[in-house]
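S.K.: Among the features that TrEMBL reports, domain 'FAD/NAD(P)-binding' is placed at 23-209. Feature annotation from TrEMBL assigns FAD binding site to ALA32, LEU61, LEU97, TRP416, GLY423, ILE424, ILE425. Feature annotation from TrEMBL assigns NADP(+) binding site to GLN176, GLY177, ASN178, VAL179, ARG220, ARG221, GLU232, GLY423.
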Amino acid sequence: MAIFGARRVLWRSFSTISSHPLRVCIVGSGPAGFYTAEKILKTHQGSQVDIIDRLPTPYGLVRSGVAPDHPETKNVINQFSRVAQNGRCSFLGNVALGSSISLVELRELYHVVVLAYGAESDRVVGILGEVSSMEIRDLKGVHSAREFVWWYNGHPDGRNLDPDLKNTDTAVILGQGNVALDVARILLRPTSELAITDIASHALTALEQSSIRKVYLVGRRGPVQAACTAKELREVLGIKDLYIHIKETDLKITPADELLIHSIYVFAIYMLSFFMKEEMKNSRIHRRIYELLSKAATAGPSQPSSGQRELHFVFFRQPDRFLESYDKKGYVSGVHLEKTALKGIGSGNQIAIGTGQFENLSCGIVLKSIGYKSVPVDDLPFDNQKGVVPNVKGRVLSDNSGDPTSIENGLYVCGWLKRGPTGIIATNLYCAEETVASLSEDLELGVLASTTRLLKLGRDGLLQILDNRNVRVVPFSAWERIDKEEKRLGSLRNKPREKLTSWEELLKVAGSE
């Protein structure tokens, strides 16, 4: 039988409900999905919310994206667990939108469908060596930061990445955002410190055997425009016994930079408005990052000591192509970089443009940290250029025209799929509030009357379809068995948990009684 024992109990307990509740399906169990579920359950008493996810484990990027040495960030899992344990909510893992169940079918089964499945692909640089003119292929040794993060976080789709950290002493990371800094920190931090985190055991073993001693963080623009937060920057700069190198010439700032990091607003009377507060906040962030980088450039020795690990910030460079090794055909040996300069585009904004001057940076591994990308599914309007679902405040539009009257009734979006891969975990809280507010308004105004008048099968119908298709559903009780086993294994190694990192292991433990 494809269905877990707990599933029949789940089915029976809700098949006895004779009322006509609002039935909602949320696709994706990351922060956006759980925050949305929490808001719906609180706002709409009597509603039933089902959260489906293609993975057998919940929590999305909190589990597979947050760095293992950031355990405090993962505390939000406790809040999400309480949501999943609500009697009107269920988590159904190992259910993939598109293959297990279609979007059309979900919309037939539920009054409301909220898509919150995030971004599970990558933006491409679009240069030689990444996409060949002859065939689509990466040079070996070129990976996305997302794949690398999944690998060290024990995501079942990242287990087999196997980055070669032994045969080179130099790694290049393209990008200077928080994910890029996470990756640099994992490569450079002493493994004795990582060993007491929930890092995947295969990644810890590889890092213990790693030959990487130099990491280059490459950005198109300057230190004022670096996309990281001050907290992340302080953490990587604070790695013990790490040599930091930043060219002092890169720290020279333009008049536009000065305006950005030392903003003085004439209309002080409006200082309390949201817009101005956000502008001042951004100004403070940029200023703090610049100060941290400036201090790091002058605080340490001018040269690294023997055997010391090194972190190099490289500004005003953009990749032109990946270089192939002469000795190892098909493998990367470096990055051909073009120098850039900043060009003002109004309102103090500056973009990087190529100068036509080039240089090579040798390395044996490249990690592209230029952004995640959402992927479309059948029957879903999608803006391929922006990598988001076209929407107005979370209401999905039927096309990319932006026409607010072309709304797909009963279909909503939240999280990265709604706004693009930006923000922190808490950003999804505000994003969910906006989407649920739109949903509530539509209910109040009768916009959803055509669908809410109908009795929808919801969870019962979904479970029946999945059972007919032999889809092995993982309910929250089965996830709790995985959670218990991971913590047990972790206690044997003085770790908070030892993640199960293969589909087979996860489903085996989930199915055991």
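Yeah, the Cβs are placed from backbone N, Cα and C, and that goes for glycine too.
Those TrEMBL annotations? Automatic predictions, nothing curated.
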S.K.: Of all the Cα pairs drawn from GLN176, GLY177, ASN178, VAL179, ARG220, ARG221, GLU232, GLY423, the residues the record ties to NADP(+), which distance is largest, in Å?
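M.R.: It comes out at 20 Å between the most distant Cα atoms.
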S.K.: Roughly how many angstrom lie between the C-alpha atoms of GLN176 (NADP(+) binding site) and LEU97 (FAD binding site)?
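M.R.: Here the two Cα atoms lie 33 Å apart.
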S.K.: Across all the protein chains here, work out how many other Cβ atoms are within 10 Å of the Cβ of VAL179 (NADP(+) binding site).
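M.R.: A count of 26.
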S.K.: Taking Cα atoms as reference points, which of the binding-site residues LEU61, LEU97, ILE424, ILE425 is nearest to ARG220 (NADP(+) binding site)?
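M.R.: When the Cα distances are compared, ILE424 comes out closest.
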S.K.: How big is the gap, in Å, between the Cα of ILE424 (FAD binding site) and that of VAL179 (NADP(+) binding site), rounded to a whole number?
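M.R.: Checking the Cα atoms of ILE424 (FAD binding site) and VAL179 (NADP(+) binding site) gives a distance of 11 Å.
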S.K.: Looking only at the domain 'FAD/NAD(P)-binding' (23-209), what is the model's average confidence as pLDDT?
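M.R.: The average pLDDT of the model in the domain 'FAD/NAD(P)-binding' (23-209) works out to 91.
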S.K.: Can you count the other CB atoms that lie within 10 A of the CB of ARG220 (NADP(+) binding site)?
M.R.: 21
S.K.: Given the FAD binding site residues ALA32, LEU61, LEU97, TRP416, GLY423, ILE424, ILE425 in the record, what is the largest Cα to Cα distance, rounded to whole Å?
M.R.: 25
S.K.: How many other Cβ atoms are found within 10 Å of the Cβ atom of ILE425 (FAD binding site), counting all protein chains shown?
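M.R.: Total other Cβ atoms inside 10 Å, all chains included: 18.
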S.K.: For GLY423 (FAD binding site), what is the tally of other C-beta atoms lying within 10 angstroms of its C-beta?
M.R.: 15
S.K.: Once the chains shown are all counted, how many other Cβ atoms turn up within 10 Å of the Cβ of GLU232 (NADP(+) binding site)?
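M.R.: 20, counting other Cβ atoms within 10 Å of GLU232 (NADP(+) binding site).
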